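**Student:** Okay, here's the structure, questions in a sec.
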Amino acid sequence: MDIGPSSVSPEVRMDALGGFIDDATLGHLVLVFGFVLNPVFGVFALGTGVLNIVILAKMDLSRGVNMSLLTLSVSDLTLAVLSCVAFGPNLLLWVGRYVVDGVSMLKVRELILWLSVFPAYVSLVVTTVIAVIRCLCVAFPLSLSTALTVRRQFFSIVISCLVAVSVPVYYCQLYISSFTYRKGTNSSQISSPDRKSMAVFDVFRSALFVTCFSINVFSLFFLTVALRRSSKFRASSGPTTLTTGGKSMRDSQVVKTVILLLVIFVSCNVPLILLSALRQWIPELHRNGRYRNERAVLDLLVGFGVMPDASLKTFVYLYYNKQFKDTAKSVFRFKKN
């Protein structure tokens, strides 16, 4: 699973190139994604991330969904910042500046990718926790209305995130140590014990992503069916009181918000789940295999999918979260002279 940089050291031998994508086409795609689409969406995600945090921080954080969305916005903003920072070493590598002041730009780029693992895992876990909590609230609306307090939701997010980043913290520390030690050399070989430990990390991140992705897909279908049934029930039932109708409308808006967040998440992570599946079916789809160019294109799509996932959430909040929209109007209103 390629959440973050590859944990397998490159082989010296390169297989004969096969597949449908030649080196020239791959070079053009790298140029388009690396220097046009990713920077543009990165800056856009940076702006929307700041906007989300400013607005959500002024909303009622006693509601668990608002607190969860604020946590998600912070991790998305961190990803956007790292994406913008990665543009520097990518540009230097493109123009042929492989070493600057004795520091390998390739190593700097890999270090940034390693650091991006942590906010990516936090966003993954928080999205999953939001989906699970909303499914439980829909399935057991009466019993969980008092059981799922804001504090318990917060602790569930914190504990889940700590578990998700505990293993990457250890291996990132190993990588940073090797980065510092080999800064002045041309060696990038990973020792055999390190390869074994990194294989453990591969298994961990594969299990984490597949589990969260599967839960989110199931939650998407479950909430969609529940929303349709709820809409049919309200249409067939008689008129409701103002209080009951208002609460039902708020709950429906929250469910619609979570559904659209899951749609964005699943759509943006399809290349990653596709790459992981194809790696199991096609052994030649490794970084030095005959289908390495196709693998590189999937890697480009995986990296690009992070930014729309981080930036499109603002439009979902503005359209389906009335409190978010009203708070945005109050925060950015212009006073008339």
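Here the Cβ of each residue, glycine as well, is placed from N, Cα and C on the backbone.
Whatever TrEMBL says is automated annotation, not expert-curated.
Annotations for this protein, taken from TrEMBL, read as follows:
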type	residues	note
DOMAIN	47-317	domain 'G-protein coupled receptors family 1 profile'
TRANSMEM	29-57	transmembrane segment
TRANSMEM	69-92	transmembrane segment
TRANSMEM	112-142	transmembrane segment
TRANSMEM	154-176	transmembrane segment
TRANSMEM	203-227	transmembrane segment
TRANSMEM	257-278	transmembrane segment
TRANSMEM	298-320	transmembrane segment
**Student:** Other than its close neighbours in sequence, what residues sit by the transmembrane segment (203-227), given a CB gap under 8 Å and a spacing of at least six beyond its ends?
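**Tutor:** For the transmembrane segment (203-227), the nonlocal Cβ contacts are 1, 3-4, 117, 121, 124-125, 127-128, 131-132, 134-135, 138, 164, 167-168, 252, 255-256, 258-259, 262-263, 265-266, 269, 272-273, 276.
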**Student:** Need a quick answer: max count of Cβ pairs under 8 Å to the transmembrane segment (69-92), which of 29-57, 112-142, 298-320 is it?
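**Tutor:** Looking only at 29-57, 112-142, 298-320, the most contacts with the transmembrane segment (69-92) come from 29-57.
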**Student:** Could you tell me the mean pLDDT over the domain 'G-protein coupled receptors family 1 profile' (47-317), as a whole number?
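**Tutor:** A mean pLDDT of 80 is what the predicted model shows over the domain 'G-protein coupled receptors family 1 profile' (47-317).
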